[in-house]
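Participant: Pasting in a structure now, in structure tokens, and then I'll have a few things to ask.
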Amino acid sequence: AKACTPLLHDCSHDRHSCCRGDMFKYVCDCFYPEGEDKTEVCSCQQPKSHKIAEKIIDKAKTTL
């Protein structure tokens with residue numbers, strides 16, 4: 001199996017290579033840094049909605 005790209009690591013070479021987090025797959029998020037011309041920077045990120053969902057699930061686990 002091909003190695004996946006860890007959280008916050010560069011994924012511009014393969015946008016579908018991000019690893020899985022505890023419950024969700026990270027997404028390759030790209031942006032253009034200010035002052036740079038057409039140099040796209042991509043890294044594996046955890047979407048905010050996933051962070052919130054993980055917090056809710058963790059809380060549910062601790063209250064059970």
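Heads up, the Cβ atoms here are built off N, Cα and C, so glycines get one too.
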Participant: Looking only at CYS19, CYS28, which is named in Swiss-Prot as the disulfide mate of CYS4?
Facilitator: CYS19
Participant: Averaged over the whole of the region 'Knottin domain' (1-44), what is the pLDDT?
Facilitator: 89
Participant: Between CYS42 (disulfide bond) and CYS4 (disulfide bond), find the distance joining the two CA atoms and give it rounded to the nearest Å.
Facilitator: 14
